[in-house]
Amino acid sequence: MRIRYGWELALAALLVIEIVSFGAINPRMLDLNMLLFSTSDFICIGIVALPLTMVIVSGGIDISFGSTIGLCAIALGVLFQSGVPMPLAILLTLLLGALCGLINAGLIIYTKVNPLVITLGTLYLFAGSALLLSGMAGATGYEGIGGFPMAFTDFANLDVLGLPVPLIIFLICLLVFWLWLHKTHAGRNVFLIGQSPRVALYSAIPVNRTLCALYAMTGLASAVAAVLLVSYFGSARSDLGASFLMPAITAVVLGGANIYGGSGAIIGTAIAVLLVGYLQQGLQMAGVPNQVSSALSGALLIVVVVGRSVSLHRQQIKEWLARRANNPLP
């Protein structure tokens, strides 16, 4: 517990240093309104990264969420284009996202194949389905499906009490998933499954039901992100989630989750989402090309993960150094 919270505090300190450093280059980075409203450009990544954290803590992984976002986005556009009332279209889109997650869970549970392989397959399945729907609707290129009601397109651009709506939804998701993972018996089951699925099964923990809930929640979060993105951009496109994969997984790992399962923290992921998002924005405001900013993001991930590994194993490192000092090589 102490180490985990220490890691989260270190991430928070790094976030402050990052903002101040970019603020020294461009003072706009220190403007509170800019910091709040610029989150709308990347906070949907966080909405997906939160349940993805729970999936990874359970020892699984889902890399299909980007395609799920694209499929849900274009499905929302097709439903609206077909004359379905907007509230019903949104509800059906959310159900579609949850269904995509359940498909992942069902295939993983009943085939016993590695989740990475299964979700790689569904990534292409959902992406292909999105392109098929897009072609059937006549939406080509970057145009997508438009013409949504103004009340819908304004939703993701509104603010409540000075906070943008996407950020508010992210904070609600943060509270829900934090309570679920860290304050409930079901959350403790997630950690146990990640540490040893066989022991969890012998302990009468509903492993399959838990995995279904986790993957369905990731699919549902992807659908929520899709609805927000369509509202934000005013267009439903099949490629809306194409760039989400690496930032989301980076945020989860950077936030402290063990990629092999058994440990992780929702708060850490939330801070890491802001860290990665503001890093990209700060580099863009500093005039750094996208290719360089992507490389720097990867370098940051490597440095921080190595630093965390050292902090978690510092006692073993001290013992190894002591042995080397007492038994120097000839």
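The backbone N, Cα and C atoms fix where each Cβ goes, glycine too.
Residues or ranges marked as topological domain 'Cytoplasmic' in Swiss-Prot: 1-4, 64-67, 110-115, 181-209, 307-330. What Swiss-Prot records for 26-42, 137-159, 231-237, 280-285 is topological domain 'Periplasmic', and it gives sequence analysis as the kind of evidence. The transmembrane segment annotation in Swiss-Prot covers 5-25, 43-63, 68-88, 89-109, 116-136, 160-180, 210-230, 238-258, 259-279, 286-306 and is backed by sequence analysis.
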Problem set entry | Result, the transmembrane segment (259-279) in contact with the transmembrane segment (160-180) (3+ CB pairs under 8 Å) | yes
Exercise. Can you name the far-off residues of the same chain, 6+ from the ends of the transmembrane segment (210-230), with a Cβ under 8 Å from a Cβ of it?
Worked result: 44-45, 47-48, 50-52, 54-55, 58, 60, 62, 65, 68-73, 76-77, 90, 93-102, 104-106, 108-109, 148, 156, 165-166, 169, 173, 186, 189-190, 193, 236, 240-241, 244
Problem set entry | Winner by Cβ pairs under 8 Å against the transmembrane segment (68-88), considering only 5-25, 116-136, 238-258, 259-279, 286-306 | 116-136
Exercise. What stretch of 43-63, 116-136, 259-279, 286-306 shows the most Cβ pairs under 8 Å to the transmembrane segment (5-25)?
Worked result: 259-279
For this session: With pairs restricted to those 6 or more apart in sequence, evaluate whether the transmembrane segment (43-63) and the transmembrane segment (286-306) have 3+ C-beta pairs under 8 Å.
Result: no
Problem set entry | Contacting positions for the topological domain 'Cytoplasmic' (181-209) when only residues 6+ beyond its ends and CB under 8 Å are counted | 53-54, 56-59, 109, 258, 261-266
Seminar exercise, completed: Within the same chain, the residues 6 or more beyond the ends of the topological domain 'Periplasmic' (231-237) and with Cβ under 8 Å of it are 40, 70, 73-74, 76-78, 80, 134, 139, 142-146, 148, 152-157, 166
Seminar exercise, completed: Sequence-distant contacts of the transmembrane segment (116-136), meaning Cβ under 8 Å and at least 6 residues beyond its ends, amount to 61-64, 66-68, 70-71, 73-75, 78, 100, 103-104, 107-108, 144, 237-238
For this session: Could you tell me what the rest of the chain brings near the topological domain 'Periplasmic' (26-42), counting residues at least six beyond its ends with Cβ under 8 Å?
Result: 19-20, 156-157, 159, 162-164, 166-167, 170, 232, 247, 273-274, 276-278, 280-282, 285-286
Exercise. The topological domain 'Periplasmic' (280-285): which same-chain residues, six or more beyond its ends, come within Cβ distance under 8 Å?
Worked result: 18-19, 21-22, 25-26, 28-29, 38, 41-42, 247, 292-293, 296-297
For this session: Helix, strand, coil: count each for the residues of the topological domain 'Cytoplasmic' (64-67), based on DSSP.
Result: 3 helix, 0 strand, 1 coil
Exercise. In the same chain, who gets a Cβ under 8 Å from the topological domain 'Cytoplasmic' (64-67) while lying at least 6 residues past its ends?
Worked result: 48, 52, 100, 104, 119-120, 122-127, 130, 218-219, 221-222, 241-245, 248
